[in-house]
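Visitor: Would you mind keeping the following structure in view while I ask a few things?
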Amino acid sequence: MATGQKLMRAIRVFEFGGPEVLKLQSDVVVPAPQSHQVLIKVHACGVNPVETYIRSGTYSRKPALPYTPGSDVAGIIESVGDGVSAFKKGDRVFCFSTVSGGYAEFALSADNTTYPLPETLDFRQGAALGIPYFTACRALFHSARARAGESVLVHGASGGVGLATCQIARAHGLKVLGTAGSEEGKKLVLQNGAHEVFNHKEANYIDKIKTSAGDKGVDVIIEMLANKNLSNDLKLLSCGGRVIVVGCRGSIEINPRDTMAKETSIIGVSLFSSTKEEFQQFAGILQAGIEKGWVKPVIGSEYPLEKAAQAHEDIIHSSGKMGKMILLL
């Protein structure tokens with residue numbers, strides 16, 4: 001290590017595996033921004049389920065080892081690289097796709113995936129914007145092509161992506177149904193845009209959804225746990241209805257005939273398949289929502305950086321998650 005290099009704390013992964021492979025190191029060199037990059041002093045970083053899949057080595061996208069996890073950060077610009085004109089040192093920002101990893105005291109981000117963080121939102125809320133809200137936008141408008149007047153069922157609506165989906169869908173004129181695993185979770189979902197919420201732990205909750213949807217069925221289902229719900233989802237859809245798969249933790253057997261009579265679709269979502277133009281569209285939706293006040297990130301569990309392994313354990317195994325999980329730095 002060269003003399004004079006600035007060091008930081010960061011979580012590093014040297015091998016794929018369980019949460020225990022997340023190692024806190026205090027001698028990681030602070031990266032320098034290259035052309036069209038910014039260096040962010042991280043105040044908060046979001047924790048997303050996909051980061052546990054990547055860490056385990058079971059995800060389609062495998063980073064080169066060692067690496068630092070994390071995509072969503074909010075903080076203050078520390079320095080900027082050549083060609084950056086939109087930001088300067090001291091600016092409050094959030095980003096959804098770090099270059100160097102977000103579980104760290106400093107993170108690099110491309111200037112075109114970095115956005116101003118309004119004073120109306122704190123850093124924790126800023127770290128809850130990126131992946132949840134951009135994923136919700138892609139699921140609703142790119143994958144489902146949802147339209148005002150349609151109905152949408154959001155499974156796992158009390159989590160980060162679920163709440164973002166409810167807020168966005170309600171603001172765009174959809175009838176919003178949600179599921180949650182507790183009375184507290186149901187209340188939170190109602191407060192964030194849903195017209196009606198069902199407890200997915202109740203044995204007859206599917207029947208209650210059918211009653212609410214009526215003979216037509218549900219136009220769009222945003223599915224956070226396809227390996228559990230997909231078969232039932234297909235029975236809830238309207239003619240031409242769409243199941244949008246945002247999350248899945250295993251396999252499931254379905255009957256393809258359930259898609260035929262009503263000509264329904266199952267569509268997967270991959271946020272990072274979005275084009276630059278699509279990301280700009282999603283950012284515009286968020287900006288409008290922030291200005292109008294309906295984008296309201298809800299924060300759930302908070303952990304210090306050194307508890308990242310516990311956060312990964314909890315985000316997968318804790319039932320009835322509410323809000324966005326955050327690492328505080």
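Note: Cβ is positioned from N, Cα and C throughout, glycine not excepted.
Annotation comment: Swiss-Prot describes Tyr53, 158-161, Gly181, His200, Asn229, 246-249, 269-271 as NADP(+) binding site. Feature annotation from Swiss-Prot assigns N-acetylalanine to Ala2; the stated evidence is similarity to another entry. Marked as N6-acetyllysine by Swiss-Prot on the basis of similarity to another entry: Lys23. Feature annotation from Swiss-Prot assigns N6-succinyllysine to Lys296.
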Visitor: What is the total of other Cβ atoms whose distance to the Cβ of Val246 (NADP(+) binding site) is within 10 Å?
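Guide: That number is 26.
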Visitor: Using DSSP reduced to three states, classify Cys248 (NADP(+) binding site) as helix, strand or coil.
Guide: coil
Visitor: For Val161 (NADP(+) binding site), list the number of other Cβ atoms lying within 10 Å of its Cβ atom.
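Guide: Its Cβ has 25 other Cβ atoms within 10 Å.
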Visitor: When DSSP states are folded down to helix, strand and coil, where does Val269 (NADP(+) binding site) land?
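Guide: In the DSSP reduction, Val269 (NADP(+) binding site) maps to coil.
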Visitor: Can you tell which of the binding-site residues (Cys248, Val269, Leu271) has the fewest other C-beta atoms within 10 angstroms of its C-beta?
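Guide: Candidates: the binding-site residues Cys248, Val269, Leu271. Fewest Cβ atoms within 10 Å: Cys248.
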Visitor: From the Cα of the residue listed as 'N6-acetyllysine' across to the Cα of Cys248 (NADP(+) binding site), what is the distance in angstrom?
Guide: 26
Visitor: Look up Lys296 (N6-succinyllysine) in the DSSP assignment and report helix, strand or coil.
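Guide: The residue in question, Lys296 (N6-succinyllysine), is coil (DSSP, three-state).
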Visitor: Return the residues near Lys296 (N6-succinyllysine) by Cβ distance under 8 Å, restricted to its own chain and a separation of at least 6 in sequence.
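Guide: Within the chain, Lys296 (N6-succinyllysine) has Cβ neighbours under 8 Å at Gln125, Gln167, Asn192.
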Visitor: Just to confirm: which same-chain residues, 6+ apart in sequence, have a Cβ under 8 Å from the Cβ of His200 (NADP(+) binding site)?
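Guide: His200 (NADP(+) binding site) has long-range Cβ partners His155, Thr179, Ala180, Gly181.
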